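Worksheet: one structure, shown below.
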């Protein structure tokens, strides 16, 4: 009986058939192990309009060390809430997006030029970047004098506008309190009048009886 032909001498047709068998589609469907779903990412800025968006570098004054420390390089934004009209200053670090400043621009917000640099300005604020309100002193530096002036002018304009809004709100509140007091006074007068009339009516009844 003859030995089977070595593999290298097998007909080409057999090799092609074997290869075709290996690559044959079995029709089986393999489900992915991990199912990825789209997740809506919220920034907390959805209800606000952007008044300013500018690249800058932020510094915070370290009281203990009595020196300025870099807080981060990124984009500073001024965001106005669509309903309350309040404006806040938010700055995130460029790569990590970590918040390095987050506070309201209020009537008392005052921008001052940083000594020795016309591209920087300084201000105080009650900041919430670290998750708690803290009195901070910030300095911000821009790439040009024009950008610094634009930032400073817009912040001062917002602070003035917030001051007017607060004054109008106080006047409206005072008016509301005054109206409320007058209403309460009128109500008391009517109540007193009713009490005075009641005994008189009883007296008439007694007379008739």
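Easy rule for this one: first residue shown is 1, then count along the chain.
Including glycine, each Cβ sits where the backbone N, Cα and C put it.
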Range annotated region 'Disordered' in TrEMBL (choices 110-159, 160-209) is 160-209
Taking the domain 'RanBD1' (29-164) alone, what is its mean pLDDT?
91
